[in-house]
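Peer 1: Structure in structure tokens, see below.
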Amino acid sequence: MGSLCSRQRHYNQADSEENAQTAEIERRIEQETKAEKHIQKLLLLGAGDSGKSTIFKQIKLLFQSGFDEAELKGYIPVIHANVYQTIKILHDGAKELAQTEEDSLKYVISDENKENGEKLAEIGARFDYPCLTKELAQDIEALWRDNAIQETYSRGNELQVPDCTQYLMENLQRLSDTNYVPTKEDVLYARVRTTGVVEIQFSPVGQKKRSGEVYRLFDVGGQRNERRKWIHLFEGVTAVIFCVAISEYDRTLFEDDNKNRMVETKELFEWVLKQPCFEKTAFMLFLNKFDLFEKKVLQVPLNVCEWYKDYQPVSTGKQEIEHAYEFVKKKFEELYFQSTAPNCVDRVFKIYRTTALDQKLIKKTFKLVDETLRRRNLFEAGLL
Ligand SMILES: Nc1nc2c(ncn2[C@@H]2O[C@H](COP(=O)(O)OP(=O)(O)OP(=O)(O)O)[C@@H](O)[C@H]2O)c(=O)[nH]1
Ligand SMILES: [Mg+2]
């Protein structure tokens, strides 16, 4: 009997320990769920090349520890690949224009650069690129300075020439140093098409002075074949940051040479706005690549784009830039209100003019985004 009692006591003790453990696990799950609820989900969306990953990199630089030396060095093959691919595009583009254009002579590569050009184009077609030596950098520089390549570059919008071309070509000597370590700026200029999804958690304002809000930011690939992955991220999104490369109104898609990039972006934005999951989601529209837009607008009229065909230039210089920017902004505003059902009208919609390479501007923009979202949270909690 005595031994039965003691066994009973033993069982009771084991039970209560187990119960305590279960309670502790449940408490932790509850705590974590609460913490998760506190984390606000931000989604970077937009077509390919619109600057999503550049914004993502800026967030890492601004609100996290940035890139350590190993990460910076990890960008060397990417940057070198960008150089080889770019010079190949320009070389092949010049050859094509020299055959097809009426004023074909200006696209003919000079005799002294012909052989060099063929060699570089062959390298650019490889899967494995060689190390960028000083000699190769010099060869690339010589080809870049060739009049035919410069003429071709001026038609870069027709050839999928990357936006970072000028930057890369002006820095070839540094990029080919044996001890080259990419700078923060090099990393921001580097172009890698995103495949899949990457995420980062951060609190704006800075390491020491935090705003209290915790955000989880998701970056996705924007090209057509990547977009089917987006839908898995659409639940519980606090805000969509929709990036538009406003300088690309005279370019066609990388994945479809017959489709204007602005028209694609318009259709994509419409589709995103109509997603039932986003009825209460805030929309932050980043009209990005303003630095390129302000240069282009004075040379290429906005109305070359079918969506902007009702645009009329009114002035020159700074005034014209502002006029063109306001026109584009209005187009997106109209699109937003047309594509927003009456039951969604109270969702937040803000437009920001951005240049993703400009760290100060991105910091300022994120402070504004943070303020807007905090104000909305207070309003929803009935505190405002
Ligand atoms: N000049 C300039 N270049 C920019 C700006 N934003 C991005 N870029 C460059 O544009 C290229 C494409 O930017 P990404 O951030 O990779 O574009 P993405 O939207 O992530 O593209 P996907 O991953 O294909 O969807 C990179 O070389 C960037 O350095 C900008 O505001 N101004
Ligand atoms: Mg990307």
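Each residue, glycine too, has its Cβ placed from N, Cα and C.
These numbers come from a predicted model, not from an experiment.
Checked TrEMBL, it gives:
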type	residues	note
BINDING	Ser53, Thr194	Mg(2+) binding site
BINDING	188-194, 219-223, 288-291, Ala356	GTP binding site
COMPBIAS	11-22	compositional bias 'Polar residues'
REGION	1-23	region 'Disordered'
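Tell me about the setting of these features in this model.
Peer 2: Secondary structure at Thr194 (Mg(2+) binding site), taken from DSSP and collapsed to helix, strand or coil, is coil.
Counting every protein chain shown, 18 other Cβ atoms lie within 10 Å of the Cβ of Arg191 (GTP binding site).
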Peer 1: I'd like to know which of the binding-site residues Leu188, Gly221, Asp291 sit within 10 A of Ser53 (Mg(2+) binding site) at the Cα level.
Peer 2: Leu188, Gly221
Peer 1: In angstrom units, rounded to an integer, how far apart are the Cα atoms of Leu188 (GTP binding site) and Thr194 (Mg(2+) binding site)?
Peer 2: 14
Peer 1: Specify the secondary structure state of Asn288 (GTP binding site) as given by DSSP, simplified to three classes.
Peer 2: strand
Peer 1: Which binding-site residues from the set Leu188, Thr194, Asn288 come near ligand 2, judged by a Cβ under 6 Å from any of its atoms?
Peer 2: Thr194
Peer 1: Please determine which of the binding-site residues listed here (Ser53, Thr194, Asn288) has the lowest count of neighbouring CB atoms within 10 Å.
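Peer 2: Comparing Cβ neighbours within 10 Å for the binding-site residues Ser53, Thr194, Asn288, Thr194 has the fewest.
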Peer 1: What three-state secondary structure does DSSP assign to Ser53 (Mg(2+) binding site)?
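Peer 2: The three-state answer is helix.
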Peer 1: Quick check on the binding-site residues Leu188, Gly221, Asp291: which one has the highest count of other Cβ atoms within 10 Å of its Cβ?
Peer 2: Leu188
